[in-house]
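*Asks:* Not my notes, these are from TrEMBL:
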BINDING   A:280-284, A:326-333, A:424-426  FAD binding site
COMPBIAS  A:596-605  compositional bias 'Basic and acidic residues'
REGION    A:564-624  region 'Disordered'
SITE      A:TRP357  site 'Electron transfer via tryptophanyl radical'
SITE      A:TRP411  site 'Electron transfer via tryptophanyl radical'
SITE      A:TRP434  site 'Electron transfer via tryptophanyl radical'
Amino acid sequence: MPGAIFWFRKGLRLHDNKALIAAVESRGKKVYPVYVLDPKFVNPKQMGLNRLRFLLECLLDLDYSLRTKHNSRLIVLRGDPTVVIPEQIEAWDVDRLVYEDEPEPHNVERDEAIKAVLKESNSACLVYCTPGHTIWDPKYLLKINNGKPPLTMQSFTTLAEKKADPPARPINAPTAEAMQLMLPRDVPETDKAEGDMYSVPVVENVKDFVALYSSLGVNGDQCTIDEADEKENNAGTPIVKGGETEALKRLSIKVNNRHTWVATFAKPDTAPTAFDPPSTTILSPYLANGSISPRLFYYAILDCYEKNRKENGHAHTKSPTSLMAQLYWREFFTLCGRELPHFGAMVGNSICKQIPWSRDMALLRAWEKSHTGFPWIDSVMTQLRTTGWIHHLARHSVACFLTRGDLWVHWEMGRDAFERHLLDADWSLNNANWMWLSASGFFHQFYRVYSPIAWPKKTDPNGDHVRHFVPVLKDMPKKYIYEPWLAPLTVQKKANCIIGKDYPYPVVDHNTVKNANLTKMKDAYGRHSDGKINWEEDVAQNVSNADKVIQTTGIGEYEYVSKDTHNSGKRKAVAAPSEVDSDENTVKVEGQSSAPKKDKAKDINSKPTRGNRSKILRQTTLEF
DNA sequence: AGGAACGTTGACGGT
DNA sequence: GACCGTCAACGTTCC
Ligand SMILES: Cc1cc2nc3c(=O)[nH]c(=O)nc-3n(C[C@H](O)[C@H](O)[C@H](O)COP(=O)(O)OP(=O)(O)OC[C@H]3O[C@@H](n4cnc5c(N)ncnc54)[C@H](O)[C@@H]3O)c2cc1C
């Protein structure tokens with residue numbers, strides 16, 4: 001009998017893996033577990049070292065389980081799946097290709113392309129796939145919602161809680177006895193074997209990382225990485241370790257063992273500044289690549305609710321803030337990403353406001369590399385780059401700052417940066433949340449702007465997050481920790497941190513740009529209601545561009561130059577610190593935190609005072 | 001799950 | 001005990 005390829009894509013687990021069970025039921029021992037390192041995703045523009053290492057840890061864990069319990073191993077292929085999968089189907093005498101569905105349109109397209117290749121070559125191989133990445137089958141949710149995805153969380157909640165059947169119970173991982181596999185002839189059992197090209201690659205540092213990318217045929221110039229980045233990448237301290245084993249352990253520690261915590265969980269009350277330990281579960285990296293089953297998570301929460309009811313007698317928190325609702329957000333956004341055309345771009349996306357964002361590379365870089373001069377923003381972005389995870393409300397803060405709050409940079413560029421750095425990067429969730437934060441889609445109260453100073457103060461008045469992730473500020477007095485440019489020079493000297501030398505001036509004056517951006521948002525929104533955005537024409541004109549975005553998975557890979565790229569060019573540092581401390585009691589702090597200013601500085605070349613610094617700061621160098 | 005200004009309320013302690 | 005200033009906490013409104 002011919003065999004089956006079981007293709008792991010997401011769903012990097014043996015528990016609750018319906019497709020895997022189906023493969024074993026249909027082809028017995030001859031099920032070949034495969035993973036494909038696809039350069040379309042595994043490349044430095046889209047995947048940073050931390051996420052790559054996380055992925056490889058997940059693969060190693062699968063490999064280990066397959067070896068120790070199932071007499072098999074993970075077979076890692078490299079290249080374009082539409083090429084390498086049909087090749088191996090042919091080479092290994094395979095007549096079943098089995099996998100768990102991926103919801104993203106570009107992945108669906110790839111799968112269709114493979115089916116087309118098989119059909120064209122008159123292959124006898126049949127393709128079997130099952131849903132499993134989400135709690136409910138997206139097709140089922142659509143069916144019970146008149147064929148359309150809900151567009152608000154409230155309607156999604158009604159769908160989940162009032163109309164949908166309870167989700168399928170998670171199924172256990174196959175036992176060793178139930179699943180004993182064999183390998184194709186050319187695949188050695190041990191990866192120590194000479195010339196084993198199927199093993200999980202070892203990537204410990206940037207050198208290995210570049211070598212791997214080259215082996216996938218990634219163009220050399222995409223692999224350049226500067227020395228500072230290399231050092232930071234090598235020293236990365238990812239917040240969690242990858243693998244199904246770790247995922248299951250974490251679920252029991254963070255969820256199963258804490259029923260009262262789970263039942264009283266309210267997302268807005270969790271602190272974005274907490275990092276040791278963080279205030280939410282950090283199960284997202286595992287959910288993103290399926291090393292934990294969302295249904296296992298779902299029923300773990302339900303069990304907690306039940307235990308809480310019996311023990312504490314009070315109700316659990318409700319959607320949209322409860323822990324269960326966090327899974328609903330994932331479910332909701334995944335469904336939207338699957339169903340709404342051009343979800344990965346502004347242009348051609350019917351739920352996305354058309355806003356004339358800039359694509360200022362210098363501002364983008366300042367933000368991504370922690371050179372904004374706003375300690376909270378720089379601290380969160382450092383946490384993101386080094387640990388691969390940040391709290392949801394920290395994501396709010398930095399995403400708002402990059403887009404409508406301060407820098408007016410396109411949300412797609414922020415989305416791409418998150419894609420690179422987040423361990424939990426997920427196409428649908430990332431796009432949806434960036435639209436949310438930039439007030440482009442789902443959320444429209446654009447006047448709700450996060451302050452990079454007031455917001456972190458609420459949960460971290462001492463600035464411990466900043467002191468940890470931006471150590472150059474560790475001795476800055478509490479009073480100035482979020483706005484060190486206001487510290488008198490004597491204080492800066494004492495703290496060993498001179499603003500403009502050891503730590504940059506802020507790239508913008510928050511209040512000034514916030515107000516200017518509010519006007520731009522009003523204008524952009526006004527154009528929609530005035531009908532000045534002509535969907536028929538605009539979409540027709542831009543749709544080819546948007547199509548390109550979708551084809552390239554919606555991530556990076558395309559050049560779209562907005563007419564509004566007015567902020568580019570090199571900036572010079574001209575702002576200077578004040579020399580004397582302001583009298584705490586009598587002088588109101590001006591600049592960043594004062595009442596709306598009426599005196600707008602006219603001459604950006606004049607000597608900086610607090611009053612006119614806003615305009616000058618806009619020109620602060622970004623080559624810090 | 002925004003922030004700031006401004007207004008109201010009520011606790012507290014001093015006169 | 002009435003009266004008053006102060007202040008924090010909370011509510012409302014606007015952008
Ligand atoms: C701009 C921006 C980009 C984001 N990009 C991603 C992304 O690429 N991948 C990703 O998984 N999450 C993303 N999120 C959502 C959210 O911030 C993370 O899912 C969450 O912080 C993960 O931490 P946790 O597992 O501790 O969350 P918990 O609070 O413990 O929640 C449990 C699970 O619910 C899901 N969840 C929670 N919040 C959301 C949400 N807002 N939307 C969708 N699902 C949610 C996650 O799978 C999470 O693991 C983004 C949010 C913002 C504001």
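Note that Cβ sites are derived from N, Cα and C of the backbone, with glycine treated the same way.
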*Asks:* List only the single closest residue to A:SER284 (FAD binding site), chosen from the recorded sites A:TRP357, A:TRP411, A:TRP434 by CA-CA distance.
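*Replies:* Of the recorded sites A:TRP357, A:TRP411, A:TRP434, A:TRP434 has its Cα closest to that of A:SER284 (FAD binding site).
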*Asks:* Given the recorded positions A:TRP329, A:PHE333, A:TRP357, A:TRP411, A:TRP434, which one has the fewest other C-beta atoms within 10 angstroms of its C-beta?
*Replies:* A:TRP329
*Asks:* Less than 6 Å between Cβ and the nearest atom of ligand 1 is the rule; apply it to the recorded positions A:ILE282, A:SER284, A:GLU331, A:TRP357.
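*Replies:* The qualifying recorded positions are A:ILE282, A:SER284.
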*Asks:* Between A:THR280 (FAD binding site) and A:TRP357 (site 'Electron transfer via tryptophanyl radical'), what C-alpha distance do you get in Å?
*Replies:* 32
*Asks:* How many Å lie between the Cα of A:ILE282 (FAD binding site) and the Cα of A:TRP434 (site 'Electron transfer via tryptophanyl radical')?
*Replies:* 19
*Asks:* Just to be sure I understand: of A:LEU327, A:GLU331, A:ALA425, which binding-site residues have a C-alpha no more than 10 angstroms from the C-alpha of A:TRP411 (site 'Electron transfer via tryptophanyl radical')?
*Replies:* none
*Asks:* With H, G and I counted as helix, E and B as strand and the rest as coil, say where DSSP puts A:ILE282 (FAD binding site).
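*Replies:* In the DSSP reduction, A:ILE282 (FAD binding site) maps to coil.
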*Asks:* Within 10 Å of the Cβ of A:ALA425 (FAD binding site), how many other Cβ atoms can be counted across all chains shown?
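*Replies:* A 10 Å sphere around the Cβ of A:ALA425 (FAD binding site) contains 24 other Cβ atoms.
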*Asks:* DSSP three-state call for A:GLU331 (FAD binding site): helix, strand or coil?
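*Replies:* The three-state answer is helix.
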*Asks:* Would you mind pulling the DSSP three-state label for A:TRP357 (site 'Electron transfer via tryptophanyl radical')?
*Replies:* coil
*Asks:* Give the helix, strand or coil assignment DSSP yields for A:ALA425 (FAD binding site).
*Replies:* coil
*Asks:* When you measure from the Cβ of A:GLU331 (FAD binding site), how many other Cβ atoms are you left with inside 10 Å?
*Replies:* 23
*Asks:* Fewest other CB within 10 angstroms, which one of the binding-site residues A:ILE282, A:LEU327?
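*Replies:* Among the binding-site residues A:ILE282, A:LEU327, the sparsest Cβ neighbourhood within 10 Å belongs to A:ILE282.
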*Asks:* Tell me the Cα distance separating A:TRP357 (site 'Electron transfer via tryptophanyl radical') from A:LEU327 (FAD binding site), rounded to the nearest angstrom.
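*Replies:* With distance taken Cα to Cα, A:TRP357 (site 'Electron transfer via tryptophanyl radical') is 31 Å from A:LEU327 (FAD binding site).
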*Asks:* What Cα-Cα separation, expressed in whole Å, is found between A:ALA425 (FAD binding site) and A:TRP434 (site 'Electron transfer via tryptophanyl radical')?
*Replies:* 12
*Asks:* Out of A:TRP329, A:GLU331, A:PHE333, the binding-site residues in the record, which is closest to A:TRP357 (site 'Electron transfer via tryptophanyl radical') when you go by Cα distance?
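*Replies:* Sorting the binding-site residues by distance from A:TRP357 (site 'Electron transfer via tryptophanyl radical'), the top entry is A:PHE333.
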*Asks:* How would DSSP class A:TRP411 (site 'Electron transfer via tryptophanyl radical') in three states?
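*Replies:* The residue in question, A:TRP411 (site 'Electron transfer via tryptophanyl radical'), is helix (DSSP, three-state).
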